[in-house]
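A.B. asks: Below: one structure in structure tokens.
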Amino acid sequence: MGAVLGVFSLASWVPCLCSGASCLLCSCCPISKNSTVTRLIYAFILFLGTIVSCIMMTEGIQTQLKKIPGFCEGGFQIKMVDTKAEKDCDVLVGFKAVYRINFAVAIFFFAFFLLMLKVKTSKDPRAAVHNGFWFFKIAAIIGIMIGSFYIPGGSFTEVWFVAGMLGASFFIIIQLVLLVDMAHSWNELWVNRMEEGNPRLWYAALLSFTSLFYILSIVFAALLYVFYTKPDDCTENKVFISLNLIFCVAVSIVSILPKVQEHQPRSGLLQSSIITLYTLYLTWSAMTNEPERSCNPSLMSIITHLTSPTVSPANSTTLAPAYAPPSQSGHFMNLDDIWGLIIFVFCLIYSSFRTSSNSQVNKLTLSGSDSVILGDTTNGANDEEDGQPRRAVDNEKEGVQYSYSFFHLMLCCASLYIMMTITSWYSPDAKFQKVSSKWLAVWFKMGSSWLCLLLYLWTLVAPLVLTGRDFS
């Protein structure tokens, strides 16, 4: 009897698979809005794609993929550096799988980007497709994934690698904008609370976190100088670290200039400290992609040097061993790639909960003027009977709270960023005989760090330059 009731209880949720997003989650968070829950579900779909991509790099999955006719032989035949020929297929099956998984996810979100252009309110019939029909969407993604494994190699992987570089570059720009927006919003929130009451507490909190981020930045920069430079070598690394340190000091000074404070009172050192730390991360990430291993020590050698008291500074040249061949299970992510995914997940969650009222960077992903927060009071959220799937309030009848099309474009580019991150930005050579790090990835990431600083600097000086525009 209990099993029968369980089946009927499960069946009551089936309509949710073909209806709105809020129906799927609102039993655990009844006071929510449709715009927020929909973004969370799309973000969760992308997160699942990321997990599947990571799983595809494991040995067991690769063994099964090798059984697919033509997947390992023919097409994109390349060899990993310092890897024996009999292990080539084990490594590249994982790389091919990551390309195809994220191809399916990117195509799915790009199709929705085109479909959702010019959607203004939830009354648009296309809004129902955006906010519902989850069974068919998931089935479509799975179908595209399965079909992508039968796409011939060769030119497909070559073209998709270029597409991945372009898409990942655009997502890094979006990620940088979200980071700047988060820093501004955090500072504004705490400054407001400091003005409302108990100023000493919030001032101490602001000072503590600002000091912490700057201390971490100083330690980070010192470690980069110690392990990624040499007295008579690694000139590029010295220039990269020094330039970005100078730029970070410059934007920190600009953020507290009287003129900037006059036009933008909420600007301060908290934002600058976050941007400084992130810029140094991008600098480190760029240097880990350098093909010259003498200036790019492995993580294990650095840890050994830090933990072993027997290693002297005179032996610091041992920190740059030859490139370690990947295991039989294939190449997996480096530490900087893992940190890149962590930052990606954070930005993805932030973009899902992000409110339009606290956006400081031109409301990049939002178009409405109302706040989209889970804690808002809603009417009719509990109208459903107990035990039935609760539905969230449709807060977009008068206007969408974010750009549907841009949100899908962001997720499309995010899937390409995941693809490049998991494969460590490896680039095939002209004859497709090996795959290795390239200076292109180094300059790409360094350019991203400079773009981050430029974006933040623009948010500081924009009110001074565009005096006729309201930045409040």
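In case you wondered, yes, glycine gets a Cβ from its N, Cα and C as well.
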A.B. asks: Indicate yes or no: per Swiss-Prot, are His130 and Trp443 on the same side of the membrane.
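C.D. replies: According to Swiss-Prot, which assigns topological domains, His130 and Trp443 fall on the same side of the membrane.
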A.B. asks: Quick check on the record annotations: which of Asn34, Asn315 is tagged N-linked glycosylation site by Swiss-Prot?
C.D. replies: Asn34
A.B. asks: Take every residue in the topological domain 'Cytoplasmic' (427-445), average their pLDDT values, and give the whole-number result.
C.D. replies: 61
A.B. asks: Which range out of 97-117, 159-179, 207-227, 239-259, 406-426 gives the transmembrane segment (446-466) the most CB pairs under 8 Å?
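C.D. replies: Maximum Cβ contact count belongs to 239-259.
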A.B. asks: Look over the recorded stretches 97-117, 207-227, 239-259, 406-426 and say which has the most C-beta pairs under 8 A to the transmembrane segment (159-179).
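C.D. replies: Out of the listed stretches, 406-426 contacts the transmembrane segment (159-179) most.
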A.B. asks: Counting Cβ pairs closer than 8 Å, which of 97-117, 207-227, 239-259 has the most of them with the transmembrane segment (406-426)?
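C.D. replies: If we count Cβ pairs closer than 8 Å to the transmembrane segment (406-426), 97-117 scores highest.
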A.B. asks: Determine which residues of the chain contact the transmembrane segment (239-259) at the Cβ level, with the cut-off under 8 Å and only residues 6 or more beyond its ends counted.
C.D. replies: 217, 221, 224-225, 228-229, 267-269, 271-273, 275-276, 279-280, 283, 286-287, 446, 449-450, 453, 456-457, 460-461, 464
A.B. asks: So, by DSSP, how many helix, strand and coil residues make up the topological domain 'Extracellular' (154-158)?
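C.D. replies: Taking each residue of the topological domain 'Extracellular' (154-158) in turn, the totals are 4 helix, 0 strand, 1 coil.
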